[in-house]
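Notes follow the structure.
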């Protein structure tokens, strides 16, 4: 996190960050208004009041989908089976999207903000057990969370009869086994149950039939970290933070060959050009911007002409991409789009769960074709075949959203840089095809 002026009124997620980059432990967190939201909710509010405030605030999921958090909570609380047996809350901290590191920042530097958000959300959902599903490679984050959870227990924020409210909460930390597909909520639930991490068929949705058959809500780290400030400061304040129809702030960033790569908390509606030039300080000397991805490896490429778009769910979608995690990657003029997309598709192919045939067989086929094009050994119809494969991996034709997300960068790269892919067709084979066509025409 690069140093910028941060205050609680404008940077609710990051104002507590220390300049020395050390972790904010519970005593310091409490000195900076920590757990005041929890005390307010438990003493002054009913669970449904918390849900209504979060719904009115317009908070959307920060994991990439952008679904209304309050509505998601309402679906769980209104479920009939929910009234008979309690369910579970799961914090999705399995951050494995290439180029994304925002959740790691929140976990390692301000862990109690996340923990407070989890406890508040559990209270709103009337659940007594919550889980943090953490990426297995985040070893330092695991140690920090274990210590922070124990601190919260020692201070009486986790356990039985929290703050004399008759509300009980148990928080369990679970580390994953390195599967990207666990970012999908039902695959995560299967993994947490000890099963193979395959997505489930929906419906039933987790809000009805989730972890161990109980109603379950899965929320992202950044989403849950927003809850305390909303409860403490109110709906109007939260909405006024934004410059867009999407409310609040968002962790945004730029990586690639930029002078100052990083992540910053900025209002929704900040343009990509502002982030690139004012915060990332532009491209490195000798490089110019060729393309950029708005929010992770699984989002469509955009061009320099799109930099003036406000970074929010609606505007990025209208431009033909997705906001995703809002951590953008700059592609410089010296990068081969074929090589870049080849590496991206190799990742997605390797991370396929293998459950459905289009994804299991289609992605490796795409990788094989891209490898040939990268080595200038491509065949005449390779680019067309890539487009055909993409049509078979589009939304609605696979079991989950893994393959449709995987083909987004490929489709957009072909759309904007088709000549680079066509240049990978073997020249010798092209000349041979021309000769064959010439011979055939002479024979007619």
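Note that Cβ sites are derived from N, Cα and C of the backbone, with glycine treated the same way.
The annotation in Swiss-Prot ties 353, 356, 359 to [4Fe-4S] cluster, and of the candidates under consideration, 390, 400, the one tied to the same site is 400. For the pair formed by residue 400 ([4Fe-4S] cluster binding site) and residue 188 (FMN binding site), distance between Cα atoms is given as 13 Å, rounded to the nearest Å.
Residues within less than 8 Å, Cβ to Cβ, of residue 200 (FMN binding site) and separated from it by at least 6 positions along the same chain comprise 186, 187, 189, 190. Taking CA atoms as the reference points, residue 182 (FMN binding site) and residue 356 ([4Fe-4S] cluster binding site) are 16 Å apart. Rounded to a whole number, the distance between the Cα atoms of residue 63 (NAD(+) binding site) and residue 206 (FMN binding site) is 16 Å. Note on proximity: of the binding-site residues 69, 188, 218, the one nearest residue 356 ([4Fe-4S] cluster binding site) is 188, by Cα distance.
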